[in-house]
Amino acid sequence: MLRASADPYLVLRFQNFCGLKEKKGEEIPGEKDEKDENGDLSPAKYKNGHVSNGFVNGYAKNGLIKNGHWKPASEEKLLDSRKMDSPRLQDYEYNPLWHAVFTFGSTLGNEIFYITFFPFLFWNIDEYVARRMVFLWALFMYCGQAAKDIIQWPRPPSPPVISVEKRYQWEYGMPSTHAMVGALIPFCLVYYSYDRYEYPLPLGIAFFTCWCLLVCSSRLYMGMHNLQDIIAGLCLTAILLIIVIPVLDLPTETWVLTAPSSPIFMVAIPLAMCVVYPTPPLQTETRADTTMVIGTCVGVLLASWARFAPTKVPDPYIGTPFAIIFPGPDRIMTMICRFILGILVLAPSRSFMKALIHKVLPRVLPKNSTDSMSDEEFIELVHRFVTYSFVGFNAVFVVPKCFIYFGI
């Protein structure tokens, strides 16, 4: 059953069922099939490593992949992913409706969604729910991304799978962090809002189910994961929720946001997590992306501590349950103004901190100061952590002060 769930042709059948099919009869220059003495396609003839059995994803030069599995790092010197050959371009046709639906579902786990959804939730909906969600998001992303770089299982081979989304093809695939976040975010929205707002629980369960199914199925449609990756991501999410949720329901949050010494732990523990993050033989963007997520969480927690430590954390349940009322024109305009003002604060602060780090750090950093990574990689990780900590702090501390100043 496990082997069947990892079958790339299962992904291909799902893609074909949804109307996504590769166009036939069109040869791409420089990639004409060549045959050996037995009439089979010869993998040695392909510059980018494509073979006829469909088990090579085409992202490494000849010799880096054998029979669809990564060789141990000692067998070949793995190249920087940015220096690898490009994959064979696939020309495909699709059903416009399903393609739009699954593209939207895939976006629910991408960076553009995070940088719009979380600030909007903080500024216009419920800061209590948003704060807990960001903490769980960072923890789950770290566990999922680290598991990818420890297990080091490649994504579904292309061909036969049609790869629609190119950004994540350089990374490993097991488990699916999109599936983890696709289950975590709707679960948090329902779990932390049900006893704060008046709405029927079946509606919340239906909302969670639809969101999770949409994100998970979109990863199959995009050709980024097989069914095994999706199941592993959902199982890991369930295990972590069982462990972490009871801890958060204790008075832990009050101590974190009011204790004088808690900022030390807020910075030291995430920094240690970034330092001990596993380093796979094949360099990917996973570590940098994870550092960015951890940095954002650090900034949010530090900002929350700065707001509540001088007084106390407000009781999130005073006056609950709240009735859900659709906002009127004035409220909608206020929400839009808040969001625009917040982005106008965050965008320049991100650009300023990024430019400052890339300008100053190379001047003060000794040459070859790190043995495990290049200076450029080290600077990039520092930028991701510091810059997004700064952005997270501004989003939760500075921007609300601006709202008060402008009366919105």
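Yeah, the Cβs are placed from backbone N, Cα and C, and that goes for glycine too.
The feature region 'Disordered' is assigned by TrEMBL to 25-46.
Look at TrEMBL and you will find 25-35 tagged as compositional bias 'Basic and acidic residues'.
Taken from TrEMBL, the feature transmembrane segment applies to 97-122 (among others).
Feature annotation from TrEMBL assigns domain 'Phosphatidic acid phosphatase type 2/haloperoxidase' to 130-245. Taking DSSP states H, G and I as helix and E and B as strand, the domain 'Phosphatidic acid phosphatase type 2/haloperoxidase' (130-245) has 77 helix, 2 strand, 37 coil.
With a threshold of 8 Å between CB atoms, the same-chain residues lying at least 6 positions outside the transmembrane segment (172-193) that come near it are 106, 108-109, 117, 126, 128-129, 132-133, 136-137, 140-141, 144-145, 147-149, 151-156, 204-205, 207-208, 211-212, 214-216, 218-219, 224-226, 228-230, 232-238, 241, 245, 280, 282, 284, 286. Among the features that TrEMBL reports, transmembrane segment is placed at 172-193 (among others).
Positions annotated as transmembrane segment by TrEMBL: 199-218 (among others).
The transmembrane segment annotation in TrEMBL covers 230-248 (among others). For the transmembrane segment (230-248), same-chain residues at least 6 beyond its ends with a Cβ under 8 Å from one of its own Cβ atoms are 5, 132, 135-136, 139-140, 143-144, 147, 174-180, 183-184, 187, 191, 212, 216, 219-220.
Annotation comment: TrEMBL describes 254-278 (among others) as transmembrane segment. For the transmembrane segment (254-278), the list of distant contacts is 142, 146, 149-150, 287, 290-291, 294-295, 297-298, 301-302, 304-305, 308-309, 312-313, 381, 385: same-chain residues at least six beyond its ends, Cβ to Cβ under 8 Å.
Same-chain residues lying 6+ beyond the ends of the transmembrane segment (290-308) with a Cβ under 8 Å from its Cβ atoms: 131, 134-135, 137-139, 141-142, 145-146, 256-258, 262-263, 266-267, 270, 273-274, 277, 314, 381, 384-398, 400. Look at TrEMBL and you will find 290-308 (among others) tagged as transmembrane segment.
If you look up TrEMBL, you'll see 332-353 (among others) marked as transmembrane segment.
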Stretch-averaged pLDDT - the domain 'Phosphatidic acid phosphatase type 2/haloperoxidase' (130-245): 89
